[in-house]
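**Q** Got these off TrEMBL a minute ago, pasting:
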DOMAIN    68-470  domain 'Major facilitator superfamily (MFS) profile'
TRANSMEM  69-94  transmembrane segment
TRANSMEM  100-122  transmembrane segment
TRANSMEM  227-246  transmembrane segment
TRANSMEM  293-319  transmembrane segment
TRANSMEM  331-351  transmembrane segment
TRANSMEM  358-377  transmembrane segment
TRANSMEM  383-406  transmembrane segment
TRANSMEM  418-436  transmembrane segment
TRANSMEM  448-466  transmembrane segment
Amino acid sequence: MLQQECFELPDHGSILRVETFPARGYSALCTHASVTERITSGPRNLPDMLGCLDNVFPRRALFQRDRRLLHLFLGRVLGSTGFSIVIPFLSLYLHGERGVPMSLVGGIFFFAALAGAVGQVVGGELTDRLGRKAVIVGSQLVRSAAFVGFGVAVLVHAPIFWFSLITALSALAGRAFEPPSGAMVADIATGPARAEYYAILRIGGNLGWAIGPAIGGFLAALSYPTLFLIAAGVLLAAGLFMAFKVEETLPHRVARSLEVQEATTLLPSSTGTAPLARFGFEELGQALRDATFVRYCVISLVLFTVMSQLISTLSVYAVQWAGISKLELGALYTLNGLMVVFLQFPVVRILTPYRMTTALVAGSILYALGYAMMGFAHGMPVLAVSMFVVTMGEIVTTPASMNLVANFSTVQLRGRYMGVYGLFNSFGWSIGPLIGGVMLDLASGRSMLLWTPIGCLALVAAVGYWDLRRRITRTMDLNYEYTTAETATA
């Protein structure tokens, strides 16, 4: 274990670093250029310049650590691009082109998110039984087929009922992707690196989210069938890429494919190599009987209800109430994606020393402020500032929330804990569009009446996370690997 102490030398401002190696019984003294010298001198060569990029984009983590993360990252970029080409504009098509009331549009998303909740639980169970890779690939291929269905439904002017069914199928497949991808990150990352890996996976999703809406805004202005069919092609490419490049990480499957010595080195513990027993309500109940975990999920449900306003509610509000174009709407969502791409990694590093509930409280407050500002938006400038604040809330909360779920669970039940958490996630994202759609119809142009209650919900979540902070140990609440074996002794 390495311990460091740093002192500034008064004569020339250099940094003296004392590095102690307790396990080896000696110390070393090193001098480094002062902070001022390092800032003023700047990068002197290409490696130094690339090293500076590591503070913004996780180049080393992707290309010099574990290629399994790189392949999952690239697949996530493709899948997110295909999804985000469509989803911001689906409610615009239904409400603007087909004249569907926003309360009914919200109902369609509500039904779809309930299907997504089923997808989360089923995806979590299949993740632990069949493996991470099979669920990841299958979810992308099914969602691609659903988007082909959207294109056909638009071409034949199908009844709204069919759009509801296809949206539900898309949500079921898309949500089934989350437990295996989250479990795969937990499989390949240990210790402090896990929160960083979750952030990297999130950067991949938001890089796609930065690309997709810009393409979707252009395609929506031309042809909705083309929009859906191109998105289906991108999702098909995502599924095929992950089928050929992503490697299985389910512990007992990996162990069977390696020598025993290699397997015990790879896996966190020998218990992680055993296959799971046949699933039943008792196994699912192990997660639901964890009272503190369930409390955490309920609080997160409130925040997910707020987060979900970013899709159907904001897109219709921005175009029909604030008066921006579809191209500008695409640019607004691209701003969201680019911010996560360039700010997620540095923010995670900044927040690593702090408790995860601190990040969740701060992020919830940012959500409250950002959505309250939406009420004053009557054009692109205020909408962009509001999106900036909301996205900062997203950047702060999401990696911490996923890592905290992993800290609640054991290796054997990791997929199920992710699935149960995803169940609450899906329910929050289901009631959110329904609440937003009803409020859009009731507010009748009074924007503050729409956004103020949504901001208040975010404050409720902040209070809930602060209360949770008192109920869990500091060890569990920090950004490194923690197991329930430690919980028993904490």
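Yeah, the Cβs are placed from backbone N, Cα and C, and that goes for glycine too.
Distances, neighbours, how buried they are, the whole picture for these features please.
**A** Beyond its flanks by at least six residues, the transmembrane segment (69-94) meets 61-63, 100, 102, 105, 108-109, 136, 140, 143-144, 147, 150, 154, 160, 163, 167, 174, 177, 181, 184-185, 188-189, 197, 200-201, 203-209, 211-213, 215-217, 219-220, 224, 227-228, 230-235, 237-239, 241-242, 245-247, 311-312, 315-316, 319, 326, 329-330, 333, 337, 433 of its own chain at Cβ-Cβ distances under 8 Å.
A Cβ distance under 8 Å defines the sequence-distant neighbours of the transmembrane segment (227-246), meaning residues of its chain 6+ beyond its ends; these are 68, 71-72, 74-75, 78-79, 81-83, 85-86, 89, 133, 136-138, 140-141, 143-145, 147-148, 150-151, 154, 212, 215-216, 219-220.
Within its own chain, the transmembrane segment (331-351) has Cβ neighbours under 8 Å at 55-58, 84, 88, 195-196, 199-200, 202-203, 205-214, 217, 310, 318, 324, 358-359, 380, 383-384, 387-388, 390-392, 394-396, 399-400, 479, counting only residues six or more beyond its boundaries.
Listed as Cβ neighbours of the transmembrane segment (358-377) (distance under 8 Å, sequence separation of 6 or more from its ends, same chain) are residues 303, 306-307, 309, 314, 317-318, 322, 351, 383, 385-401, 404, 447-448, 450-452, 454-456, 458-459, 461-462, 465-466, 469.
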**Q** Can you give me the average pLDDT across the domain 'Major facilitator superfamily (MFS) profile' (68-470), rounded to a whole number?
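**A** Looking only at the domain 'Major facilitator superfamily (MFS) profile' (68-470), pLDDT averages out to 85.
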**Q** Count, for each of 100-122, 293-319, 418-436, the Cβ pairs lying under 8 Å from the transmembrane segment (448-466), and report the range with the highest count.
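**A** The listed stretch sharing the most Cβ pairs with the transmembrane segment (448-466) is 293-319.
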